[in-house]
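> Residues or ranges marked as compositional bias 'Basic and acidic residues' in TrEMBL: 789-809. What TrEMBL records for 578-694 is domain 'PilZ'. Feature annotation from TrEMBL assigns region 'Disordered' to 785-809. Residues or ranges marked as transmembrane segment in TrEMBL: 12-33, 39-56, 63-83, 95-123, 408-436, 448-467, 524-545, 551-574, 715-735.
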């Protein structure tokens, strides 16, 4: 095996790690093949379970305990696999039973291979230190691309404002909106409505970019989707580095400060990837009603999986929150577009050229998950399709220029998306016996007890030990089951026809005004119904065929387990009303408030306690020069101004106009709940964007608060409770669906009923059209005759506007 990674030798520690794996696996493979009696195997299994249970609390504290646990677990897994292949397959004279049994065994073999490869990759995840400080004169130039297709302008205004204000020399960065929704092709479409919308979108976004002082880019035709969009923009750019943010991924101010330095010290580095952090729960999480402290589904990949890939030089481009070297991109002809996952494909091509990558596990963007289960499935279907395309068209095992460990990293990431086929096989296999009495394996109850029980117990314990902080027990099974009936066909089609896929954009601005049954509910609901029939069939066989009790204990128990997981997953199709409670971020930011009416205003110290894009909580603390009488006049509906203080970003200190929503008093001052006035100039929106999204430490604190371990048995009990609540939730929705449809039809007929859609989760107060709002600073209107203090305050709060209008060099 070559221990070279991208033109460098592995570090001594990595060599030792690789040799340690060989020292573990080779003896285990030999020991696993030695036949034993059931009594001996039972003793080995029990001993292994006890050892794993004792080691489990130490797995995340010491690598010795982690490898010892994996060694013991591997021995039991391998013994189970040898038992399955040598003793459990039915005779070939029953072709249908044999075919199903072989299919089941093949799927189990796949699962065992995944266990070994993923253990190899994630056994010792790497922690990256901060990059070294670099003098401003030595910093590379950076092009920041924000590709967009159909995202609303409110969303883009937030992301672009934050991207523009990242901490970096202004003359060394260029922010570019890559608009694929306003291309010449769309503006000149034969569909007049579509063409009008595209032309309006282009004009609105050009106005937004002009006011922000950034570059607007579009192209003639929509070719190669996102990859083609970014490649077209790069033709007019020449920065040393390329940063990519999705339209809904709002960067923190320190994003470039925490990433660019790595490129300065390592000329062979082509990629720095960072985690994707999300403000809202995904639809499966929200619809099922997972606890707030349950780690998000993506956290296992971004907190552990990708750090493991990075250990072996396999960190890859995830499409956003990434920095890439322009020279590396140019070496492979720009962003790849042969598959619909341009990110992983591009990384694979560049890795094959000998370039290196790394992963920084510090969240520096905040984005949005899809709002509906339909959009969620469309997104995951696109990912599954792209990875299957890569597996078929650019199989990493056949790629030159990469080490074996890198190939395994890519292979693991691609073959993961075979899970829909695996999950469907596990769900349907026991039904072959319960419905048709087909033999899916041959074993006695004693053999199952000594081989399968220890294998299953250790599998769950190892997963709970290695991923305790990022994945609760059975949550992976729940998510995979919810997706399996929808993605199985996608995966199969792509395997047989890898070039027939089409890129679809995930919707990010959907509004859920009421509870309803997902339009794509049927596949999962039908699968749940079939599983229910399987449980009924097991019960019937139990009472009608007493001689089958032993096999029914195995197959029936398997069917019941599947039914519980399916019942919990069923809640995913019950869309819950999204009340758009915009996430609030806790903070302690000093500010100055101007309170008054007419021509007189008093000033007081203030503190921003929390904020969202729609409002904030402020505490006003009067000083000796504050007019207390003016503060006492504040009531619900009152309007005043406050200016947050940003010592490191004074150009973003602009006065924000707010309206009082509620008031409470404490001994040290007033606590106000306020709503941001949506009719404010864009420089004020930049201030609010920085107030909320500017500090990446906020997202890291949220990630840490969610990464709480769940004991194995308690976690299984939690999923059982979810099964009951999910079924009840969906049954209520099914019962209410006729009435809901009737209400929807009445709303469509009655044009007088107009539902005001709430603002997008990333909108400032309400929908915003930059063409309609002149950038007039509110303090110039408010403080016209308020004396010397007012003049000083106005001067202080208009600095951002003056700096914003400085010519770029």
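A Cβ is built for glycine as well, from the same backbone N, Cα and C atoms used for every other residue.
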> Considering only Cβ pairs under 8 Å, which range in 408-436, 448-467, 524-545, 551-574, 715-735 makes the most contacts with the transmembrane segment (39-56)?
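Per the Cβ count, the answer is 448-467.
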> At a C-beta cut-off of under 8 Å, are there same-chain residues at least 6 beyond the transmembrane segment (448-467) that contact it? List them, or none.
38-39, 41-42, 44-46, 48-49, 52-53, 55-57, 59-60, 66, 69-70, 72-73, 76-77, 79-80, 83, 115, 119, 122, 300, 304, 473, 476, 554, 710-712, 715
> I need to check the long-range neighbours of the transmembrane segment (524-545): which residues 6 or more away from its ends have a CB within less than 8 Å of a CB in the stretch?
427, 430-431, 434-435, 482, 484-486, 552, 555-556, 559-560, 562-563, 566-567, 569-570, 572-573, 730
> Would you list the DSSP helix, strand and coil counts for the residues of the domain 'PilZ' (578-694)?
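Result for the domain 'PilZ' (578-694), in helix, strand, coil order: 20 helix, 57 strand, 40 coil.
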